[in-house]
Amino acid sequence: MALLKVAPSRLLSRALQLASRVQNCTPTVTTARRNFHFTVYGRKDTSAKVSDSISTQYPVVDHEFDAVVVGAGGAGLRAAFGLSEAGFNTACITKLFPTRSHTVAAQGGINAALGNMEDDDWRWHFYDTVKGSDWLGDQDAIHYMTEQAPASVIELENYGMPFSRTEQGKIYQRAFGGQSLKYGKGGQAHRCCCVADRTGHSLLHTLYGRSLRYDTSYFVEYFALDLLMENGECRGVIALCMEDGSIHRFRAKNTVIATGGYGRTFFSCTSAHTSTGDGTAMVTRAGLPCQDLEFVQFHPTGIYGAGCLITEGCRGEGGILINSEGERFMERYAPVAKDLASRDVVSRSMTIEIREGRGCGKDKDHVYLQLHHLPPSQLASRLPGISETAMIFAGVDVTKEPIPVLPTVHYNMGGIPTNYKGQVITHVNGEDRVVPGLYSCGEAASASVHGANRLGANSLLDLVVFGRACALSIAESCKPGEAVPSIKENAGEESVANLDKLRYANGSTRTSEIRINMQKTMQNHAAVFRTGSVLKEGCEKLSVINSSMDDIKTFDRGIVWNTDLVETLELQNLMLCALQTINGAEARKESRGAHAREDYKVRIDEYDFSKPLQGQQKKSFNEHWRKHTLSYVDKKGKVSLEYRPVIDTTLNEDCASVPPAIRSY
């Protein structure tokens, strides 16, 4: 703790000690307060050295790796140990201990056409995912993900993931929303593999356990600040060690961003407080685009008043949504799928019920999820976590009474634009171009397999398929031990200057005050239903709130475990995500998937698919909205938008593309 009061020269001495520790560390490294049972700095990182080129106020340590992964959730772990398994000297930087990552909160399951409950085909899964995306998903990436799904689940089983089982010993698969057989003509599919209702917890711990087999260098509780970019190429990451305030520059030939979503831009969400869009913001500050951030998924069943997630698996097991009249109202909105329609459809239906006065409770501002008609033994075996969560956060015994629920922000379909190999792309002169050295996967990325709306249980699949894809792509294009490109001597100095600016910020507005203003603006102006006037007002309000960042006040001037500073850095990241989200929503004058405009209620494609195509003239690219939004933010907070086409072709003839059609359940 002496670092709080020592002079800059003493800090440099501390940095020398850090570098010495890096060069001489053993498999177990003793830090100031704990023993980690895996290497923190890594045995191979003998090239780490002290630099004073960007700061004399902070210890600065330079590292060199073949690859750096930012984030240690499901996608980050799968990418990291995939790279280490292929022989790459790999670092994994994470602001959380790996098993604290938000993947742990996923409940329902992971989709794969295993066919354990009835005959199934990955092509039917492909069709459902394209339809679920409201035809904004890129079909080459969806083809890749759904075809890889069965092998990915079997791989997890081989890693030791304890899937729920049928009486015959096969992996149990439950029904989930938007899933069908025979291209929508064969009834409800049972495609969701699960570990009761704790699938994300099991997945994360399984991947973490597997990762310990490999010699990955984990830098735990390091906050990634920015990408190190040179001439349009990514050459690594600069990060803050939260434990001692040292700065670390990770120079690498390949960088993978797997930092998760930005759910905390909204006031009510199912996301952890750490879901702050760090990677998305890093890409934005690097001058690269983000894609489709206006598409924010509202999960139909967050606990009323608490926002905690109640898995879609409840409805997959037979749970139903009812209004104040006791009516199973989804039968009116989705006559075939009913309570297992896609999430955007169910969330809008619930909102309409509440608006029209059929909500529950004294304020009629929520609906009920009924489970007590199901056998208690089924609830105990298939939904044990939900039974516990409902009792803790709603005071409800699910065997006797319904759970009060409300649509709650849950997932970000948009993110960092990538191709199906995980390579980050930009769109220049009508063509997609790869950003050399930069990859992304998981919720941080937009491949785009989810398009305008994600199907439940496709997110965990996304993590493992594209985490692995990033590792495979790097292994295809690079070899372990290749020369790592150099960086400028002053690379990262802007990041350190920003860190110092926030650490000593002495304005009049607390970080928490600006954050709550941003979150409530997003909640009130970019919710389930949106209108142009409300979105425009939200854009103007958010611009003012962003300007108030210049008047921010922090209180902790130290560098050791400065949570005030870290929360302010996270607020900067959230603000960049929020600006792009609401401006993209205001500009998109149609309704598609999770983006529902009350002043533009129809989906605007190249053709009107509600009518015969014969005789219709195809709309030009500028006239229709079946295209991806690319958003940029300049240093003053001004958002600019561009657009790129949706990819309608599949990878090969094994799977036919699905042409746009009316989307109904």
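Including glycine, each Cβ sits where the backbone N, Cα and C put it.
Computed from a predicted structure; not experimentally measured.
The annotation in Swiss-Prot ties Ala72, Ala75, Thr94, Lys95, Ser101, Thr103, Gly108, Ala224, Glu443, Ser459, Leu460 to FAD, and of the candidates under consideration, Asp278, Asp292, Asp397, Asp500, the one tied to the same site is Asp278.
Checking the candidates His248, His410, His525 against Swiss-Prot: the one annotated together with His299, Arg343, Arg454, Ala457 at the oxaloacetate site is His410. You'll find the Cα of His410 (oxaloacetate binding site) roughly 22 Å from the Cα of Thr94 (FAD binding site).
Rounded to the nearest whole angstrom, the C-alpha distance between Gly108 (FAD binding site) and Ala457 (oxaloacetate binding site) is 6. Ala72 (FAD binding site) sits 10 Å from His102 (tele-8alpha-FAD histidine), taking the CA atoms of both as reference points. Largest Cα-Cα distance over the residues recorded as binding oxaloacetate, namely His299, Arg343, His410, Arg454, Ala457, equals 13 Å. A separation of roughly 24 Å, to the nearest angstrom, links the Cα atoms of Ala457 (oxaloacetate binding site) and Asp278 (FAD binding site). Within its own chain, His299 (oxaloacetate binding site) has Thr270, Leu309, Glu312, Arg343, Ser347, Pro407, Thr408, Val409, His410, Tyr411 as residues 6 or more apart in sequence whose C-beta sits under 8 angstroms from its own. When the Cα of Arg454 (oxaloacetate binding site) is compared against those of the recorded positions Thr94, Ser101, His102, Asp278, the shortest separation belongs to His102. Here the binding-site residues are Thr94, Ser101, Ser459, and the one ringed by the most other CB atoms within 10 angstroms is Ser101. In this structure, Arg343 (active site, proton acceptor) is part of a helix by DSSP.
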